[in-house]
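Trainee: If you look up TrEMBL, you'll see 69-108, 303-326 marked as compositional bias 'Basic and acidic residues'. Residues or ranges marked as region 'Disordered' by TrEMBL: 69-181, 223-258, 298-326. Per TrEMBL, compositional bias 'Acidic residues' is recorded for 146-155. Annotation comment: TrEMBL describes 223-242 as compositional bias 'Low complexity'.
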Amino acid sequence: MADVRSLLKAKRAEARISHPYASYTSGPTPQLKCTICQSIIKHASAWEGHLGSKAHRLNVARIRQEEEERARREHEELVRAQREQMEREQAEREEQEREHVPTKRKASDAPPDAQKKPKLKSAPTSFPADFFSDPNRQLPSLDPSSDSEDDDDNDNAQTTNDANAMAVDSTPSQPGPKTAIDEEYEAFQRAMLAEQQKDAAETFAQATIAAEAEIYTEEQISGFPGARSGADGSADAVGAAEPEPPMTEEELAEAKRKAKELEERELIMDRLLEEERLQEEADMRVAAMKSRIEALKKKREARKAEKGKGKEGKAKQKEDDDKMQT
């Protein structure tokens, strides 16, 4: 029994739990620890039970939710930073384009009313009829209506000239005669287009696969497993999944027996581990009791020694008193 216990202890010491949430403490006797729950697991066999506990599952769900929330916040911050960068770049481009646009307008773009100069009302410049005594010395009269007519004529002439200039600018320029380089370039473009069309036709012809038509039964069309016969009469199992053959009674009995043996073996191992744990606890209690008994014995011996010393001192003192009396 002691050999079995020692073997189990060595096997348990060798077998270390490898799990993302499992870690071992540092020290001469490393202990299994759950990094999620921050709790110490006394035995490796209790690790699976700890993973299935409600507290561990709640802690795992909480940590996963926190990680998802943190990842979502990081993604939102990244998207926000990219959007701000794009808006900043767009604003800079618009500012640059706005700086490059000319601010002065041409005179032709202004409305026709703005181009006309304001006409000032001229005061009468002619003298009265009886101002000069000699009619021959009278100055010719300046008629403001004639001046306005002249100004209108000048404005109309200027408008006509501007319209003619705009018409000349708006007329499309006639293309010049084609040169040898232009004809060669057009021939090159036609050759490239013909080559591309030819390559596309060849690629389509090579990618096309021709095959004979096959007849499917209703079972095959509906999706039920079945075999179809090919052109040579052989059974074709493509697209038809063959069901697994049923197990015989002997195979079922053998499987049940193996499962039962495995279960019994696991129960025996669990019992041995439990007995070993109880034995270790009992040994620890016995060792503690022994150490306590040893301490009590030492205290008793010390008390006896003190009492013996006291008796010897009293006897010696009594002898001295007797000697003095004699």
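Including glycine, each Cβ sits where the backbone N, Cα and C put it.
TrEMBL: automatically predicted annotations, no manual curation.
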Trainee: How does the compositional bias 'Basic and acidic residues' (69-108) divide up by DSSP, counting helix, then strand, then coil residues?
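Mentor: Computed counts for the compositional bias 'Basic and acidic residues' (69-108) are 34 helix, 0 strand, 6 coil.
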Trainee: Write out how many residues of the region 'Disordered' (298-326) are helix, how many strand and how many coil, based on DSSP.
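Mentor: Split into helix, strand and coil, the region 'Disordered' (298-326) gives 28 helix, 0 strand, 1 coil.
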